[in-house]
Amino acid sequence: MTKYIFVTGGVVSSLGKGITASSLGRLLKNRGLKVTMQKFDPYINIDPGTMNPYQHGEVYVTDDGTEADLDLGHYERIVDVRTSKYSNVTTGKIYQEVLEKERRGDYHGATVQVIPHITNMIKKKIMRAALTTDSDVIISEIGGTVGDIESTPFMEAIRQMRREVGEDNVMYIHCTLVPLLHAAHEMKTKPTQHSVAELRSIGIQPNMLVLRAEQPIDQEHKDKISDFTDVPVDRIIESIDAPSLFDVPLEFQKQGMDQKVCDFLHLESPKPEADMEAWKKLDERAKNLEHKTKITLVGKYVELEDAYISVTDALQHAGYLYNTKIEVDKVQAEDITEDNIAEIMKDSDGLIVPGGFGTRGLEGMITAIKYARENDIPFLGICLGMQMASVEFARNVLNLEDANSAEAEPNCKNNIIDIMADKRDEENIGGTLRLGLYPATLKEGTKTREAYDNQDVIQERHRHRFEFNNKYREAFEKAGMVFSGVSPDNRLVEIIELPKKKFFIAAQYHPEFLSRPQRPEGLFKSFIGAASGLPAQKF
């Protein structure tokens with residue numbers, strides 16, 4: 001029987017529910033259990049695909065082409081699992097499916113209401129994740145905080161789950177904040193008491209508390225919280241601010257979190273405890289890196305940390321392999337000019353230009369890429385970065401001065417980057433991109449193929465609607481550009497490289513989505529190898 005763990009949050013947002021859920025997932029997985037991660041987002045958008053990165057952060061893409069919350073990236077990187085369309089559900093998706101059923105007459109004339117129709121659809125999404133994965137454990141994170149009006153249907157649905165699948169098969173974990181008042185040098189438990197009271201008022205009694213705090217919580221405060229919340233003191237877990245993300249699962253294990261979860265759910269794991277030795281070595285390496293490598297990231301959304309979180313994480317993963325700390329200098333593309341690019345790049349070991357949409361900042365990206373190419377600074381382009389590298393090459397090597405992308409200038413004479421043929425007639429923005437996992441055939445003798453351990457074919461995740469214009473392929477090749485990765489039918493350019501440079505590779509896909517702390521993605525691995533000049537070191 002599948003076990004269901006629901007992770008909720010109270011007091012404030014951004015408490016780290018996703019990290020808590022991921023860390024528990026990692027511990028259970030390392031006990032030999034099959035774990036599926038799931039995130040419920042209470043916003044009414046169908047998905048985050050059309051949302052402003054400044055509001056939502058990065059849009060994560062799964063193998064099956066789902067545009068999802070960035071927490072799925074945490075799940076994949078920390079737990080080392082692959083997520084899917086069943087892993088991210090929004091209020092918008094729920095209402096869309098319910099309304100489609102109503103229009104088809106599936107409800108046979110009944111009045112469609114939040115209870116039972118919306119809550120039943122939410123439960124169906126939870127159950128579907130279990131049925132499609134055959135998992136031992138489903139860990140579902142509920143976005144927002146307890147008491148939010150948007151989260152109410154989700155809270156009601158998970159309350160009902162206890163009755164539907166049995167009390168022994170459901171566990172509620174509630175994350176709260178225990179703030180420290182510096183003026184009084186005192187920790188306050190009242191916010192946690194109120195948050196749990198709110199949760200209990202809707203019929204959910206938490207079975208475990210995870211307390212976020214700046215410093216360790218003494219026994220007196222834990223006893224007080226236990227008295228007020230009816231949660232046994234041995235199931236109150238501290239989540240102290242940690243210097244490294246890798247510390248969190250290890251700290252949870254020290255407190256016996258995974259064992260307590262297994263005991264509560266009567267869950268027998270293949271291994272008596274989580275084997276975290278490899279994780280400990282990774283944590284030790286991450287804390288004691290002996291070198292530094294500076295990478296300049298030129299992007300459109302650099303003011304928000306979460307906008308490029310998979311990219312910066314992938315850079316760090318590669319850094320662990322080379323025993324080097326990656327210092328990422330984020331530069332707003334709009335601020336770059338021919339006059340200041342040398343100053344911006346003077347101490348940089350490498351340049352990365354990640355994905356994005358729209359026309360803002362494109363000229364700054366092109367200027368930065370030109371500087372990297374002319375000065376043989378290792379360069380990695382991703383999605384929009386690949387497109388701008390192509391435009392830069394056309395302008396400054398092929399001397400096509402008006403070369404551009406059709407996204408920036410639809411009527412451009414030399415549109416090096418053009419809209420994909422099957423996307424020309426699309427009227428909507430949402431859900432109309434080339435999304436998900438696609439194969440690419442790698443050319444023999446290229447640095448790209450070497451980066452992927454000489455594989456013939458790779459599978460990578462995409463999110464774009466523009467592509468390289470094939471009518472320029474011959475001219476590019478004559479000028480020295482190598483198309484080192486193409487679609488199996490040779491119709492789509494997936495990767496370009498300049499073989500005479502130290503490292504100048506750009507990909508139409510998003511390699512960052514498949515990077516893992518213990519398995520850096522191929523292009524990132526080779527990019528940091530070239531930028532650092534260091535030998536790889538096994539963990």
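The backbone N, Cα and C atoms fix where each Cβ goes, and this holds for glycine too.
For the region 'Amidoligase domain' (1-267), the model's average pLDDT works out to 93. Among the features that Swiss-Prot reports, region 'Amidoligase domain' is placed at 1-267, with the record citing sequence analysis.
The annotation CTP binding site is assigned in Swiss-Prot to SER13, ASP148, ILE149, GLU150, LYS188, THR189, LYS190, PRO191, THR192, GLN193, LYS224. The DSSP secondary structure for SER13 (CTP binding site) is coil. Contacts of SER13 (CTP binding site) defined by a Cβ separation under 8 A and a same-chain sequence distance of 6+ are given as GLY144, THR145, in order along the sequence.
According to Swiss-Prot, the UTP binding site annotation covers SER13, LYS188, THR189, LYS190, PRO191, THR192, GLN193, LYS224, on the basis of sequence analysis.
Listed in sequence order, VAL7, THR8, GLY9, GLU141, ILE142, GLY143, CYS175 are the same-chain residues six or more apart from LYS17 (ATP binding site) with CB atoms under 8 A from its CB. As annotated by Swiss-Prot, ATP binding site applies to SER14, LEU15, GLY16, LYS17, GLY18, ILE19, ASP71.
According to its DSSP assignment, GLY356 (L-glutamine binding site) is coil. Listed in sequence order, GLY299, LYS300, TYR301, CYS383, LEU384 are the same-chain residues at least 6 apart in sequence whose CB falls under 8 Å from the CB of GLY356 (L-glutamine binding site). Per Swiss-Prot, L-glutamine binding site is recorded for TYR54, GLY356, LEU384, GLY385, MET386, GLN387, GLU407, ARG465.
According to DSSP, GLU141 (Mg(2+) binding site) sits within a strand segment. Residue environment of GLU141 (Mg(2+) binding site) contains 27 other Cβ atoms, counted within 10 Å of its Cβ in all protein chains. If you look up Swiss-Prot, you'll see ASP71, GLU141 marked as Mg(2+) binding site, on the strength of sequence analysis.
Per Swiss-Prot, the feature domain 'Glutamine amidotransferase type-1' maps to 294-537.
In the three-state DSSP reading, CYS383 (active site, nucleophile) counts as coil. With a 10 A radius on its CB, CYS383 (active site, nucleophile) counts 23 other CB atoms from all the protein chains. Feature annotation from Swiss-Prot assigns active site, nucleophile to CYS383.
The annotation active site is assigned in Swiss-Prot to HIS510 (among others) on the grounds of sequence analysis. In this structure, HIS510 (active site) belongs to neither helix nor strand by DSSP; it is coil. The Cβ of HIS510 (active site) lies under 8 Å from the Cβ of VAL61, SER310, GLY355, ILE382, CYS383, GLU460, ARG461, HIS462, ARG463, each on the same chain and at least six residues away in sequence.
Packing around GLU512 (active site) is summarised by its Cβ count: 29 other Cβ atoms lie within 10 angstroms of its Cβ, all protein chains included. Residues annotated as active site in Swiss-Prot: GLU512 (among others).
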Over all pairs in SER14, LEU15, GLY16, LYS17, GLY18, ILE19, ASP71, the listed ATP binding residues, work out the largest Cα-Cα distance in Å. 13
Name the residues of the same chain, 6+ apart in sequence, whose Cβ is under 8 Å from the Cβ of LEU15 (ATP binding site)? GLY9, CYS175, THR176, LEU177, ARG212
Nearest to ILE19 (ATP binding site) in three-dimensional space, by Cα, is which of the binding-site residues LYS190, PRO191, GLN387? PRO191
What other residues of this chain sit with their CB within 8 A of the center of the CB atoms of SER14, LEU15, GLY16, LYS17, GLY18, ILE19, ASP71, the recorded ATP site? GLY9, THR20, ALA21, HIS74, GLU141, CYS175
How far is it from SER14 (ATP binding site) to PRO191 (UTP binding site), counting Cα to Cα, in Å? 15
If you measure between the CA atoms of ASP71 (ATP binding site) and THR192 (CTP binding site) and round to the nearest Å, you get 24
